[in-house]
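Please read the structure below before turning to the comments.
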Amino acid sequence: MESNHKSGDGLSGTQKEAALRALVQRTGYSLVQENGQRKYGGPPPGWDAAPPERGCEIFIGKLPRDLFEDELIPLCEKIGKIYEMRMMMDFNGNNRGYAFVTFSNKLEAKNAIKQLNNYEIRNGRLLGVCASVDNCRLFVGGIPKTKKREEILSEMKKVTEGVIDVIVYPSAADKTKNRGFAFVEYESHRAAAMARRKLLPGRIQLWGHPIAVDWAEPEVEVDEDTMSSVKILYVRNLMLSTSEEMIEKEFNNIRPGAVERVKKIRDYAFVHFSNREDAVEAMKALNGKVLDGSPIEVTLAKPVDKDSYVRYTRGTGGRGTMLQGEYTYSLGHVYDPTTTYLGAPVFYAPQAYAAIPSLHFPATKGHLSNRAIIRAPSVRGNTNH
């Protein structure tokens with residue numbers, strides 16, 4: 001990692017030096033430049049609590065290259081308390097077009113996305129703002145299909161540090177086998193990045209098999225208000241032979257006539273109910289039940305506005321995913337042309353992703369286009385890649 005840490009406080013000779021010094025003097029925050037980024041705060045003065053939880057960081061893109069903290073901080077301060085801002089810098093002293101801002105809580109971060117996305121910071125220059133997520137999960141492919149979750153967990157713990165969980169899906173055609181890949185959850189983004197670095201060159205084999213390793217797409221978080229009105233169940237681990245009629249009959253057994261319709265896609269399905277209470281009751285009664293010889297998992301589907309899907313994910317190798325048409329397998333569990341429904345938890349294998357050159361933000365509020373981008377390029381400085 002290159003270090004261009006400047007002497008003194010890091011502001012001598014920088015563009016807008018006087019304005020930046022005035023900002024620091026007014027707020028009491030530190031402003032330090034190193035490793036290609038300039039960090040404001042983190043922590044702020046007088047902060048003695050733990051750092052903010054996950055979900056408090058936003059990504060601000062499409063910045064004019066000659067715009068700096070003296071203009072961006074006052075804009076963010078109006079929305080909430082800034083814990084930290086990291087602006088990516090080039091060697092000429094311009095910004096690299098983007099910055100990360102961590103607020104003190106999730107609500108402030110959510111409000112900042114709403115208020116700042118498409119905000120006209122200068123004449124004709126609109127900001128692109130979305131959530132920023134730290135990825136702690138790797139995709140590992142090439143696993144022998146006969147291996148059980150416990151064996152995979154034990155093996156991953158032997159070859160990498162900081163493993164906290166392994167997610168394995170049974171094969172759709174043969175439930176005794178896995179699908180040949182697993183998702184490995186680490187205690188931190190750093191631990192996952194170190195594991196990825198160790199596994200990538202192909203030196204390490206699992207059970208004598210070469211493996212493919214990459215970042216996995218993290219779960220989508222849906223706020224509690226939205227989840228509290230969901231009346232669609234997501235059913236996973238069905239047999240391929242189980243019909244929509246069979247599923248409808250099983251779910252209607254709990255309360256006759258409660259099910260509106262069922263849509264099955266390979267080994268999972270969405271079950272629509274007339275009201276939420278019946279959906280919740282059916283979920284509790286049927287989760288874990290054996291249907292046609294396979295134990296099914298039943299959870300509430302996650303409704304996601306496609307526009308809210310645009311987000312920057314740290315550690316995703318610069319790929320993006322397109323959402324096209326009614327069902328998209330690369331995404332996982334898409335339903336309904338206007339709203340996306342996801343099963344929970346859902347993870348995506350990286351091979352499914354289409355490469356996109358740049359991050360497109362939703363053009364207008366409330367407009368659901370038929371194509372939305374789920375994942376932004378990974379451009380977060382040069383840390384831990």
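Note that Cβ sites are derived from N, Cα and C of the backbone, with glycine treated the same way.
Listed in TrEMBL for this protein:
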DOMAIN    56-134  domain 'RRM'
DOMAIN    136-218  domain 'RRM'
DOMAIN    231-303  domain 'RRM'
**OP:** Determine the mean pLDDT over the domain 'RRM' (56-134), rounding to the nearest whole number.
**Re:** 91
**OP:** Report the DSSP secondary-structure composition of the domain 'RRM' (136-218) as helix, strand and coil residue counts.
**Re:** 22 helix, 31 strand, 30 coil
